[in-house]
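What TrEMBL says about this one:
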DOMAIN    40-485  domain 'Integrin beta subunit VWA'
DISULFID  41-50  disulfide bond
REGION    101-131  region 'Disordered'
COMPBIAS  107-128  compositional bias 'Low complexity'
DISULFID  420-433  disulfide bond
DISULFID  453-719  disulfide bond
DISULFID  510-553  disulfide bond
DISULFID  566-581  disulfide bond
DISULFID  583-588  disulfide bond
DISULFID  604-636  disulfide bond
DISULFID  620-627  disulfide bond
DISULFID  642-647  disulfide bond
DISULFID  644-694  disulfide bond
DISULFID  649-662  disulfide bond
DOMAIN    672-756  domain 'Integrin beta subunit tail'
DISULFID  678-751  disulfide bond
TRANSMEM  755-779  transmembrane segment
DOMAIN    780-826  domain 'Integrin beta subunit cytoplasmic'
């Protein structure tokens, strides 16, 4: 009995091991050859490296790996569906600057639109043509799913490219002195920009806030004169001067612009930004020009939802609402726009936003610019006297870098690679290059990949743009997704309805039967009233993964009429599926307790990660972007490796680097010493440099703050030294998003109190004299007290004496008489 029990236990154990081993072998085969699971042509070609055999009455695996010789699978080459990626260049004009008296112009294709179309066609009669800063201009692609294709995109900043600058200014009462300064600097601003480009236009607009409570005092007298020094009623936005080359007019319009006022601290700047962007005709934005929108204020901003405080609930529609006088007519009718709306309009209209704000507001607008494409921010002085330098610096920053973006949908993944200015360098994954000059050509490799076929067939053909941020030029990509086979469509020779090969109960598509609702089976040989079960060799073979297997439906289903009916799970979200029930959606690796790390879906034991994630459990970033510091092109600052989206810092020459981007070196001096002399001469007017040397050698522009404190979370570096006066001075340096150095220096040095040696000496001498005199006085005082005590004691004793005061008992006469005892008388 015991032996029989032991034999039964051993048999069960062996069967369990056999099931587990078979399942493991199946999973391994699936990972090595994902094609074996695909049962239709469109599923097959949507799997990379897979091809489909549509040959009728084919006994082998129809979906196979395309790198296998077709003779080995015995499929006629005519029936093999293995579409390739197709690339065609439709419009490719060379990079060039704007020219005059052009005699002719050739283009590879004339199928473009708008101004590009008229330019590409060319004409001998044409006397001018626009600059071309991106090439090619239009391409077409036919891509298979998950098979990427790279195209080369060239960019160069054209010489003397037109610039439109619209100055949008807060004209509330607190900005009155800034308005006066801007009026005086208008011509200087225009002159400075004309040194950069001869084709420059300038415009001006102003804003305050919505004319409703609680933003503005709506008392009748306050609507006429909202503050003692205000010259105009409050208003939302006013286009004072459209873009024009008449810069003298700009100075006059700014001077005449009236100042108004409001109640709360934030202003209605978002309303003004939206109108300045979308009202293209009223503002005068040119089609081919770099568009700069300079936003100047000393306050914060209202955004979507704030309008409810004033009873305005209608959302901002993002449309132009300016009347003939340039006034915003929907200020009190629509809410403020949201940040995402501003970003959308900035992207659609190729606007470069520049926020020129005061020191108190710079942190707020630096965070805002991170959510607006191509935006930048600079610190405005108290009366805007540095506005010319600020515009020049920000324009230089914008024009010296290029960042490639795209409008591709979620089904399309675009990854950029470039070596930037290093022509012989290795391609790195980046969409941004810095340090460009006019005429410098930068090559980008745009890797385009279709990650999945959209559910709607209309979305299988899409058009999107690849463009440099802030430039109104783009590469248009017309993309056809190869989501299905031709033989699956009506009219193809391999598409046959009610085919004899399907027992007249189904449609033959690409060699496979698609049965009607009343039949099933590989050849539609079964119907709902005649299901055949059991060990029939033909029927059972259709339920086994291969001829060597003796397990039906992988042990996770029932074989019905040659087809597997997979078992249901108790959890409705878990599913067993596949031709042989060999797949499920719950047996993948987990990370952080979540299936596929929460960043993918489980498909047949393999995690399919969403774009941006990779790894067996989708717990790793797919790109190196998280390992590249803002303003840099090096992965982990060139001092480590990017593993799973995080920097693993290396050790070089005994130096161990640290930090999120391996940018920190605890034992290295950093750049503190480099800036020391310049900080001394620029901020404190001290140090070894003369004023002439300081002006010539020091190009940094430190920001003056009350107290210099470093924020380690932002990778800021603290520097402090003692100068020749034994005074401590401190400053902090870090890098902005473009890689430019930013230095904050402490306003005042921390000096020890001044020591007056003569005073100390005189004080010491005086102290000694005073102490001596005090001691003498103390001695005299003690002596006097003692004498008085003795005298008092004497007086007391004299008063109590008992002798006769008529004769002094101690008195003795001055003469004494002695008698001679031997004297006897006269002789």
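In case you wondered, yes, glycine gets a Cβ from its N, Cα and C as well.
Outside the transmembrane segment (755-779), and at least 6 residues removed from its termini, no chain residue falls within Cβ reach (under 8 Å). Counting only the Cα atoms, the space from residue 678 (disulfide bond) to residue 694 (disulfide bond) is about 7 angstrom. Residue counts for the domain 'Integrin beta subunit tail' (672-756) under DSSP (helix as H, G, I; strand as E, B; rest coil) come to 23 helix, 24 strand, 38 coil.
Each of the disulfide-bonded residues 50, 604, 627, 719 was scored by the number of other CB atoms within 10 A of its CB, and the lowest score belongs to 604. Checking each of the disulfide-bonded residues (41, 50, 433, 566, 583, 751) against residue 662 (disulfide bond), the C-alpha distance stays within 10 Å for none of them. Each of the disulfide-bonded residues 433, 553, 649, 751 was scored by how many other Cβ atoms lie within 10 Å of its Cβ, and the smallest score goes to 751.
Taking the C-alpha positions, the distance from residue 647 (disulfide bond) to residue 583 (disulfide bond) comes to 36 Å. Ranked by Cα separation from residue 581 (disulfide bond), the disulfide-bonded residues 50, 420, 433, 453, 642 are led by 50. Candidates 50, 453, 627, 636, 649 (disulfide-bonded residues) were compared with residue 642 (disulfide bond); those inside 10 Å Cα-Cα are 627, 636, 649. When each of the disulfide-bonded residues 636, 678 is scored by how many other Cβ atoms sit within 10 Å of its Cβ, 678 comes out lowest. Each residue contributes its Cα atom, and for residue 751 (disulfide bond) and residue 566 (disulfide bond) these two points are 83 Å apart.
Around residue 620 (disulfide bond), the same-chain residues six or more apart in sequence whose CB sits under 8 Å from its CB are 613, 614, 643, 644, 645, listed in sequence order.
Across the structure, residue 41 (disulfide bond) and residue 553 (disulfide bond) are spaced 22 Å apart at their Cα atoms. Residue 50 (disulfide bond) sits 37 Å from residue 433 (disulfide bond), taking the CA atoms of both as reference points. The subset of disulfide-bonded residues (420, 433, 566, 604, 627, 719) lying with their Cα within 10 Å of the Cα of residue 588 (disulfide bond) consists of 604, given in sequence order. Counting only same-chain residues six or more apart in sequence, the Cβ atoms lying under 8 angstroms from the Cβ of residue 510 (disulfide bond) belong to 40, 41, 52, 54, 62, 81, 485, 487, 488, 494, 495.
Take the disulfide-bonded residues 588, 694: by the count of other Cβ atoms within 10 Å of each Cβ, the lowest one is 694.
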